[in-house]
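Peer 1: Just passing along the structure, written as structure tokens.
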């Protein structure tokens, strides 16, 4: 293992800590175990869960649950590897400043090349999450407000989905102009409350629909859809990019592993229940975004609008790591308004080009999300190498499979 020591690419010194913008908060106070658990939920639970029922339809519900729990365990294991790697480097080797981010960790292990590789994956993964948010918001609003197909021409040759996406654009420019996350905290708390209520309402509705319809269900659809299911499952646990900042802000760092494990366990059960109940309710009619299955009605509209509100205000939060990387590399870590606006525009354009929400989840999960991990120590080399090999195989084959599905659906 090679450790970086070039003075031209040094880590930020601890005395500069107050000048930096932390990923989750500007407050110097450390988080209690309860607040850490709450932050874990905020970081991990996102739009990916909405594609799980459709994934269960494609893979079969037993295979879907199996893959989901396997991915949850591997995600937790890799998160803790990252934490232990940082702790070992900070405590065992002289000359290293405090490692604050994935980029710092990549630099410490492999120098400038490592930092560039990790920064690239962070930018791609976080941007992809935001693309999925815009796809969900625009698709859902189009479904709620028109009786036309979401992709059919509606006004000036534009589909309802595209019109709503561009309608969100100026508001996102305003939200993403806010230089720090502290000012977004009240909106984020409100959005998380709405999200919990909305997802709970979806699961309750699924139970009633299941007992009413009792559709035919498939438990296992073969290994041909294995890669698709793995990609969606990996994407659903989208918080790996936030694990180092979360651990940094924890008051009792020795308990972080157990708190993260509890959080991942609860989230895994909730994800499994959400995916299974959605598929049980609608069977072969399950759509790529489960909320579009709810049909008309006040409750349905409230649920879907609630999810849209959550993702709308989560967008600038998830783009923050992207801004940190790009502004650090292009603007000397200085705030740059036009660069942020350009990134929002690029993300919006990608969202317009993607035809299917769940297929996009599989693509992102199969490509960039499986790469964010590090190996630590000879004692764990066999399982860690197995995870790396597994990740590379899924990244290559899953990306190819998802691209084929997306391209064929546009043809």
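Every residue gets a Cβ built from N, Cα and C, even glycine.
Keep in mind that TrEMBL annotations are predicted by a computer and have not been checked by a curator.
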Peer 1: Which stretch does TrEMBL mark as transmembrane segment, out of 203-224, 225-246?
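Peer 2: Comparing 203-224, 225-246 with TrEMBL, transmembrane segment matches 225-246.
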Peer 1: Which one of 62-82, 83-103 shows up in TrEMBL as transmembrane segment?
Peer 2: 62-82
Peer 1: Counting only pairs 6 or more apart in sequence, are there at least 3 Cβ pairs under 8 Å between the transmembrane segment (225-246) and the transmembrane segment (62-82)?
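Peer 2: Yes, the transmembrane segment (225-246) contacts the transmembrane segment (62-82).
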